[in-house]
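Residues or ranges marked as domain 'Helicase ATP-binding' by TrEMBL: 216-382. Under the heading Zn(2+) 1 binding site, TrEMBL lists C443, C446, C483, C486. Sequence annotations record features per position, and here TrEMBL assigns Zn(2+) 2 binding site to C452, C455, C470, C473.
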Amino acid sequence: MTLDSTDLFGPVLDRRVVPVLVPMPAPRAYSYAVPEGMAVEPGSIVQVPLGPRFVVGVVWDGEDDGGVDPKKLRAIEKVFDCPPLSPEMRAFLDWVAAYTLTPPGLVARMALRAPAAFDPEPMVEALRLTDMRPERMTTARERVLARASDGLSWTRSGLAHAAGVSSSVIDGLASQGVFETVFMPPPPVVALPDPAFAAPRLEGPQRQAAVDLLAAVEERKFSVSLIDGITGSGKTEVYFEAIAATLRAGRQVLILLPEIALTASFLERFQDRFGAKPAEWHSDLAPRTREKVWRQVTTGQVRVVAGARSALFLPFEELGLIIVDEEHDPAYKQEDRVFYNARDMAVVRGRIGNFPVVLVSATPSVESRVNGEMGRYRPIHLPTRYGDAALPDLGIVDMRRHPPERGGFLSPVLVNHIGKTIGRSQQALLFLNRRGYAPLTLCRVCGHRFQCPDCSSWLVEHRFRGQIQCHHCGYSERTPEACPECGTLDHLVACGPGVERIAEEVERHFPDARTIVLSSDLMGVKRLRLELEAIARGEADIVIGTQLVAKGHNFPNMTLVGIVDADLGLANGDPRAAERTFQLLSQVTGRAGRTGLKSLGLLQTYQPQHPVMQAIVSGDSDAFYQREIHERERAALPPFGRLASIIVSADSRGDAEGHARGLRNAAPRVDGIAILGPAEAPLALIRGRHRFRLLVHGRRNSDMQTFVRAMIAAGPKERGSISVQLDIDPQSFL
Ligand code: ADP
Ligand code: ZN
């Protein structure tokens with residue numbers, strides 16, 4: 001006998017078919033049957049069978065094509081008791097998928113990054129006072145009764161803590177019927193922010209900026225404002241006003257920050273203004289917290305989230321404002337799996353949800369700046385530092401005229417200023433964006449250079465650890481004593497500096513100073529937060545750091561910032577090299593003089609005439625931007641033209657190159673779109689995979705997605721070890 005599925009599931013006619021997006025690299029949603037009695041709607045988060053497993057998916061929009069026999073379909077297993085993804089959220093996910101040329105299921109997966117949060121949070125067991133009283137009274141019991149007499153429900157441990165007794169006292173009372181057990185909703189992850197908690201008095205340019213910004217926010221429809229003002233001008237204070245207005249209007253707020261794990265000081269500042277912290281969202285959250293935040297964002301319990309780029313994919317109940325702080329920061333670009341720029345996608349989300357978006361930076365990206373000039377974004381300008389905080393004096397140290405001592409990297413000019421600064425009991429910061437001790441090790445006898453076995457990159461010496469490491473794949477080995485090539489002992493030399501080597505040099509000059517090295521490889525986030533607080537309290541004289549010291553920290557006693565190698569980022573062939581260097585160096589020198597003390601920033605450079613150096617020391621960023629904008633326009637680079645990267649990788653060099661060539665040959669001919677390459681990538685080998693790049697260059701109005709899609713469809717099939725990555729609006733060219 002064969003079983004007809006009708007017998008199992010009821011009459012076929014009653015069964016509906018819906019599309020469900022599953023977390024798979026499939027081009028479209030799959031069809032599933034809805035069992036009788038189950039209610040689903042577009043956006044419902046569901047569990048469905050997929051192959052031998054169950055996965056979480058989302059019921060999607062659109063009619064099912066009807067071509068499939070419902071009897072042959074597998075059925076939705078379960079609908080989670082969770083608000084469905086809103087129509088705006090679904091439109092946003094579809095848009096991101098189409099724009100980035102990513103399968104929609106992989107984009108939807110980013111909105112579902114908290115697996116245990118789809119079911120409601122369990123109720124919490126609590127105690128409430130009854131009319132019964134204990135037979136025998138003690139002072140401890142009296143304290144408990146006094147506390148609990150407010151009629152509210154208390155958790156066992158919360159009440160014990162509040163009354164200052166041990167939990168056994170509570171248990172004793174409960175066993176005599178003094179308390180009854182009740183269930184209450186789980187507590188919120190963060191308290192409610194109060195827009196009126198501590199509103200600042202805005203004056204001068206800040207007031208006008210706030211008026212302009214509030215005008216945009218109170219329209220309650222899509223617009224993009226660009227707040228541009230030097231570090232310390234009060235940009236944060238001004239956008240806090242926009243947040244307050246949005247909270248008063250009963251809508252949720254998302255603040256994107258480039259390095260959330262390091263922004264403990266931001267959370268505190270928010271708390272000082274609003275009386276409660278925002279909920280955090282980033283990859284370092286404990287899983288339980290993560291689930292709570294996700295759930296409470298969807299239910300609307302959480303009103304403000306401060307998060308890394310992935311927070312853009314949280315399914316807010318009623319989002320009404322996105323702030324993108326440090327909008328120029330390259331950390332907003334994600335370059336694995338789904339390649340997207342959170343700054344740009346934030347603007348898209350605002351457009352789809354019809355609410356305002358605010359971009360903020362002391363050094364806006366050229367793209368945003370041009371959008372401001374063209375009137376697409378509303379420029380809001382803050383020209384001066386708040387209060388008596390003065391900008392640091394900035395100067396160039398010409399390394400050709402003031403070379404360091406043999407084997408060193410600090411010019412006598414900088415060393416002299418460090419001495420004076422710590423002599424006044426103030427702090428100095430030395431910035432070098434290079435982890436480790438030395439970027440290259442070679443044998444003085446045979447010239448052998450230590451290279452990663454799996455990548456085309458040199459191994460970086462980390463002397464504190466006694467290792468040489470690859471910064472691309474993490475490969476490491478003990479620092480050898482002998483050259484593996486010629487066998488000579490003790491003739492290996494370190495070439496160039498990293499922060500550890502600068503620390504060594506500083507210690508030679510200032511053996512009694514308290515020196516600290518801040519580098520992501522030396523400590524975890526927790527430790528780093530503690531170190532940053534200690535530095536702010538003055539517990540170090542000289543701080544040597546990589547770019548993680550550049551962002552957001554306020555060191556009140558820091559009056560000297562030395563840039564060890566201002567030329568470092570200029571020579572890498574990236575069209576944004578000058579812009580990036582300008583942004584990073586401005587940000588680092590902006591760490592100095594935030595409290596009114598006279599301060600100094602020094603740039604060590606071999607190219608003192610370079611426009612970047614001139615722009616920074618003259619303070620004339622307008623001239624620099626005009627020059628950059630002109631260059632971009634001439635070369636039709638973004639935002640005057642469009643780029644897309646195609647990166648082909650394979651286990652063998654020939655396969656990668658052959659496939660890249662095949663793609664190029666398959667490209668359609670379209671007026672205004674040209675293909676460069678294939679060329680071997682600057683990082684030709686990563687983790688044993690050979691890489692070739694194609695760069696598609698189009699006009700501003702070119703349809704890059706259609707072009708690239710056509711090229712991939714007509715090109716050779718991906719087989720064997722070949723893989724193709726698409727990067728629309730690439731930021732990296734390595
Ligand atoms: P930015 O974000 O532009 O770097 P901030 O908003 O951080 O500037 O302001 C710099 C400093 O000045 C902060 O310590 C901030 O608290 C203070 N500040 C700025 N504006 C005001 C104001 N109107 N009232 C009180 N303090 C302010
Ligand atoms: Zn490697």
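Note that Cβ sites are derived from N, Cα and C of the backbone, with glycine treated the same way.
Any TrEMBL annotation is an automated prediction that lacks curation.
Known features from TrEMBL, placed on the structure.
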{"residue": "C443", "record": "Zn(2+) 1 binding site", "Cβ neighbours (10 Å)": "20"}
{"residue": "C446", "record": "Zn(2+) 1 binding site", "Cβ neighbours (10 Å)": "13"}
{"residue": "C452", "record": "Zn(2+) 2 binding site", "Cβ neighbours (10 Å)": "24"}
{"residue": "C455", "record": "Zn(2+) 2 binding site", "Cβ neighbours (10 Å)": "21"}
{"residue": "C470", "record": "Zn(2+) 2 binding site", "Cβ neighbours (10 Å)": "21"}
{"residue": "C473", "record": "Zn(2+) 2 binding site", "Cβ neighbours (10 Å)": "17"}
{"residue": "C483", "record": "Zn(2+) 1 binding site", "Cβ neighbours (10 Å)": "21"}
{"residue": "C486", "record": "Zn(2+) 1 binding site", "Cβ neighbours (10 Å)": "12"}
Distance from C483 (Zn(2+) 1 binding site) back to C455 (Zn(2+) 2 binding site), taken between C-alpha atoms, in Å: 20
Cα-nearest neighbour of C486 (Zn(2+) 1 binding site) within the listed binding-site residues, C452, C470, C473: C452
From binding-site residues C452, C470, C473, the one whose Cα lies nearest C483 (Zn(2+) 1 binding site): C452
Cα distance (Å, whole number) from C452 (Zn(2+) 2 binding site) to C443 (Zn(2+) 1 binding site): 16
Proximal residue to C446 (Zn(2+) 1 binding site) among binding-site residues C452, C470, C473 (C-alpha distance): C452
Sorted by sequence, non-C452, C455, C470, C473 residues with Cβ within 8 Å of centre, Zn(2+) 2: P453, D454, S457, L459, H471, H472, G474, Y475, I686, R687
Filtered binding-site residues, from C452, C455, C473, C483, C486, whose Cβ is under 6 Å from an atom of ligand 2: C452, C455, C473
Confidence summary (mean pLDDT) of the domain 'Helicase ATP-binding' (216-382): 94
Cβ-based neighbourhood (8 Å from the centroid) of the Zn(2+) 1 site, residues C443, C446, C483, C486 excluded: R444, V445, G447, H448, P484, E485, G487, T488, H491
Structural state of C443 (Zn(2+) 1 binding site), classified by DSSP into three states: strand
